Amino acid sequence: MKNNILEELKWRGLIKQVTNEQKILDAQNSNDAVYCGFDPTADSLHVGHLMMIITLKRFALQGFKPIALIGGATGMIGDPSFKASERVLQTKQQVDHNINKISTQLKEIIPTVSFVNNRDWLEDISLIDFLRDIGKHFNLSYLLAKESIATRIQTGLSVTEFCYTMLQAFDFYYLYKNNDCSVQIGGSDQWGNITSGIDFISDTINKNNKASGVTINLLTKSDGQKFGKTESGAVWLDKTKTSEYEFYQFWFNQTDEDSINLLKCLTFLTKDQIEQLIKQHNQQPAKHFLQKALASEMTKFVHQQQGLDKALKLTEAFFSGDLFSLTDDLFKMALNSLPNTQINKDTKVIDALVELKVASSKREAREFLKNKAILINNQVIEDENLVISSFDLIQNKYLLVKKGKKKYFVILVK
């Protein structure tokens with residue numbers, strides 16, 4: 001049974017702007033296609049893309065046919081919208097490699113999605129045809145009035161990037177005409193590009209068309225910071241770049257306030273289910289009901305049940321200290337997720353702590369040991385003169401070092 005897609009988006013706090021609400025609902029009733037564009041700027045999507053991926057899936061669950069447009073052509077240029085400077089241009093080989101990787105990721109997350117590549121229809125348009133058939137419909141003052149372009153004019157905007165909005169407008173026109181696609185969704189920075197597409201359709205096909213668009217709020221943390229970055233950089237959807245364990249921990253480490261917002265924006269839990277979680281969490285905050293639900297839902301969504309099971313096993317092993325039961329596969333995941341270094345088996349604990357960068361100096365290492373802040377294989381260590389070879393090794397080659405409550409390191413004993 002279909003629910004009103006706009007009501008669903010509204011209670012979750014997702015909508016930034018809508019061009020025409022009635023057209024969106026008409027498109028839902030007609031089971032039209034909806035599309036979202038992804039430019040292949042890297043060989044993996046990251047958590048910053050999840051807002052749009054999940055919104056595309058929400059539309060799919062409410063009767064729309066989901067289309068992921070991969071920008072094989074526009075990705076060669078780069079979207080200037082609200083960017084501080086021009087992107088470094090990628091080679092065609094880089095773009096093709098990224099397209100293959102991203103398409104595979106998206107297909108795993110949204111199995112019903114259809115893929116289109118705008119290179120298929122943009123690559124063969126000659127410069128003369130572009131100027132006559134597309135450029136003719138865009139007034140210069142109209143483009144300069146777009147906030148996404150106006151913000152870059154002062155710092156410098158190349159003709160290449162200036163043409164981007166026209167290419168994206170043509171994408172919407174092409175899908176509207178050939179794929180029964182009447183709705184485009186995008187991030188809050190895409191309003192100018194989406195409305196350009198609708199205006200182009202109005203100008204070239206029919207003023208009384210059914211094209212419409214929705215922009216989605218930028219996901220920010222409660223302190224105003226941009227969401228999705230950590231001290232070590234982006235959190236990727238590719239498990240070879242960000243392991244399932246790291247991915248799970250990223251969500252688990254969100255604040256209570258951010259967790260509530262993320263459960264609404266990024267999961268498919270109902271309003272009642274989220275309210276029940278909040279109630280449980282308020283009664284027993286130490287059990288982290290909100291964070292556990294968020295981390296589980298997100299890890300399962302991106303890495304399926306198998307990926308979630310791996311993350312939970314590793315999390316439980318770290319918490320309980322039962323590291324000897326870990327499979328080699330899981331310990332390799334831990335190794336990729338945690339700071340690690342090779343250390344000689346005859347090295348003293350105090351020297352190993354400095355080598356592993358657990359402590360910045362021997363003096364600091366002694367302080368940690370004195371305060372019982374160092375655990376090796378889950379045993380509190382106080383003797384700085386113990387040598388690495390005196391410990392039982394996990395799988396005959398590893399030691400797990402823990403500093404305080406949350407910081408883990410791995411020693412590869414040689």
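Heads up, the Cβ atoms here are built off N, Cα and C, so glycines get one too.
For Y35, Y164, Q168, the entry in Swiss-Prot reads L-tyrosine binding site. Within the same chain, the residues at least 6 positions away from Y35 (L-tyrosine binding site) whose Cβ sits under 8 Å from its Cβ are P66, I67, A68, L69, V116, F172, L175, N179, C181, V183, Q184, I185, listed in sequence order.
DSSP places the residues of the motif ''HIGH' region' (40-49) in helix, strand and coil in these numbers: 3 helix, 1 strand, 6 coil. Residues or ranges marked as motif ''HIGH' region' by Swiss-Prot: 40-49.
Here the motif ''KMSKS' region' (226-230) has a mean pLDDT of 69 out of 100. Per Swiss-Prot, motif ''KMSKS' region' is recorded for 226-230.
The annotation ATP binding site is assigned in Swiss-Prot to K229.
Taken from Swiss-Prot, the feature domain 'S4 RNA-binding' covers 347-414.
Using a 10 Å Cβ-Cβ cutoff, Y164 (L-tyrosine binding site) registers 23 neighbours. The DSSP breakdown of the domain 'S4 RNA-binding' (347-414), given as helix, strand and coil counts, is 19 helix, 21 strand, 28 coil.
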